[in-house]
Amino acid sequence: TKCYVTPDVKSETCPAGQDLCYTETWCVAWCTVRGKRVSLTCAAICPIVPPKVSIKCCSTDACGPFPTWPNVR
């Protein structure tokens, strides 16, 4: 599987056994100004995340691109 991976946000081949791509997003103090924080990576399983953290898992090549947000102003 090939997944987008941060910080470079480029598609990379995942290590053996990690066949899922996931996009994890969450807010910090500057969320309303800068938008959500984003982590893109490979995984063996879709992780369980704490409250207020969003995660999307998928299993096809390059299926988890960097999310786009509406302009916040």
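Each residue, glycine too, has its Cβ placed from N, Cα and C.
Now, the feature entries from Swiss-Prot:
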- C3-C21: disulfide bond (DISULFID)
- C14-C42: disulfide bond (DISULFID)
- C27-C31: disulfide bond (DISULFID)
- C46-C57: disulfide bond (DISULFID)
- C58-C63: disulfide bond (DISULFID)
Query: Once near-sequence residues are set aside, which residues in the chain of C14 (disulfide bond), 6 or more away, have Cβ atoms under 8 Å from its Cβ?
result: T1, K2, C3, C21, C42
- prompt: How long is the line from the C-alpha of C63 (disulfide bond) to the C-alpha of C27 (disulfide bond), rounded to the nearest angstrom?
  reply: 23
Message: Among C3, C27, C31, C42, C63, the disulfide-bonded residues in question, whose Cβ has the most other Cβ atoms within 10 Å in this structure?
response: C3
- prompt: Nearest to C58 (disulfide bond) in three-dimensional space, by Cα, is which of the disulfide-bonded residues C27, C31, C46?
  reply: C46
Message: I'd like to know which of the disulfide-bonded residues C21, C46, C58 has the most other Cβ atoms within 10 Å of its Cβ.
response: C21
Pairwise CA distance, C46 (disulfide bond) versus C27 (disulfide bond), rounded so that it is a whole Å: 20
Message: To see if you understand the setup: which same-chain residues, six or more apart in sequence, place their Cβ under 8 Å from that of C57 (disulfide bond)?
response: L20, C21, Y22, A43, C46, G64
- prompt: In terms of DSSP three-state secondary structure, what is the assignment for C31 (disulfide bond)?
  reply: helix
